[in-house]
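This report refers to the structure that appears directly beneath it.
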Amino acid sequence: MAFDSFTDFVSMGGYGLYVWLSFFLSFVVLAGVALETLLAKRQLVKKSKQLQQRQQRLARRKASRAAVGDGNESKT
Amino acid sequence: MWRWLHPYAKPEATYNLLQKLLPWFVALTLVTLVTGVVWGLAFAPGDYQQGDSYRIIFLHVPAAIFSMGAYMGMAIMGAVALIWQIKTAEWSIPAIAPVGAALTIVALLTGAIWGKPMWGTWWVWDARLTSELILLFLYVGVMALYFAFDDARTGAKAAAILSLVGVINLPIIHFSVEWWNTLHQGATITKFERPSIATSMLIPLLICLTGFAFLTVSLVMMRLKNEILRQELHRPWAQQKLEQD
């Protein structure tokens with residue numbers, strides 16, 4: 001241990017503000033990147049669900065039209 | 001000899017590999033980074049000239065080194081993307097650029113905060129500081145170009161070219177402290193002779209360097225996974241993967 005007490009450790013020989021500020025800001029920036037990446041992943045999960053629902057809706061519509069067979073599919 | 005590499009041109013294969021490796025890299029990041037930071041902050045001795053303010057080195061130097069290392073990796077991926085047209089290489093460009101930019105910001109911020117008590121100023125237009133700031137702009141430019149085109153592959157090509165052109169900045173950053181001898185001090189460990197730092201400070205610094213290496217790789221892996229899924233979102237395999245989490 002390079003320090004005699006916890007207060008010594010916090011004060012960093014008078015440079016406490018600079019040392020702790022630099023460690024704090026570095027943490028914020030790097031954790032920010034990690035957090036943004038995790039949020040982007042969540043967004044992708046949501047988007048994928050929407051995409052799948054749309055694909056299913058389209059498939060259902062196609063199927064019901066084919067079952068009725070009223071020629072609607074050629075009109076549109 | 002390089003045959004084993006071929007399947008990884010397929011995005012799904014790369015994704016599966018990343019998924020398998022990522023937990024290990026995250027674990028290694030946490031272990032090394034916590035060890036290095038605690039050692040550097042609490043156990044390494046104070047500096048005879050700079051007192052305890054020098055402890056900023058344990059963030060500043062690793063962040064600066066890997067801000068350049070990440071750029072080199074991005075440029076290599078850019079070359080691979082341009083030469084062999086491999087999609088995963090293209091997608092790794094937007095995965096690396098934000099991580100590199102964050103590391104550059106950390107290097108600049110910690111440098112400024114360290115500069116205030118030691119140099120008496122937050123910022124000077126010294127060659128090292130200026131070239132590192134240009135590195136940040138290069139990262140931002142690469143990201144902007146990548147997303148600036150309606151056709152994703154055109155954007156990737158443009159970003160790859162800019163990343164290759166920007167490589168010229170790396171030797172400028174590295175040698176700036178020798179070519180223009182202004183305020184920033186010379187290299188401490190990145191030179192071929194014996195490091196000019198005491199072993200009791202060098203060991204925690206090397207651990208922090210390893211930690212930042214793992215952190216950089218982990219973040220890039222996370223972002224590359226996202227980018228692969230984003231590009232393959234219309235494919236069933238990607239939708240299945242996203243359902244699992």
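Every residue, even glycine, has its Cβ placed from backbone N, Cα and C.
The annotation transmembrane segment is assigned in TrEMBL to B:21-44 (among others).
Annotated domain 'Cytochrome c assembly protein' per TrEMBL: B:25-184, in sequence order.
Sequence-distant contacts of the transmembrane segment (B:56-84), counting only residues of its own chain at least 6 positions beyond either end whose CB sits under 8 Å from a CB of the stretch, comprise 36-37, 40-41, 44, 90, 92-93, 96-97, 99-100, 103-104, 106-107, 110-111, 113-114, 132, 135, 138-139, 142, 156-157, 159-161, 163-164, 166-167, 169-170, 173-174, 188-190, 201, 204-205, 208-209, 211-213, 216, 220. Annotated transmembrane segment per TrEMBL: B:56-84 (among others), in sequence order.
Per TrEMBL, the feature transmembrane segment maps to B:91-113 (among others).
Residues or ranges marked as transmembrane segment in TrEMBL: B:133-149 (among others).
Residues or ranges marked as transmembrane segment by TrEMBL: B:158-177 (among others).
Marked as transmembrane segment by TrEMBL: B:197-221 (among others).
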Non-local residues, at least 6 beyond the ends, that sit with Cβ under 8 Å of the transmembrane segment (B:21-44):
55, 57-59, 200-201, 203-205, 207-212, 214-215, 217-218, 221-222, 225
Between the transmembrane segment (B:197-221) and the stretches B:91-113, B:133-149, B:158-177, the largest tally of CB pairs under 8 Å belongs to B:91-113
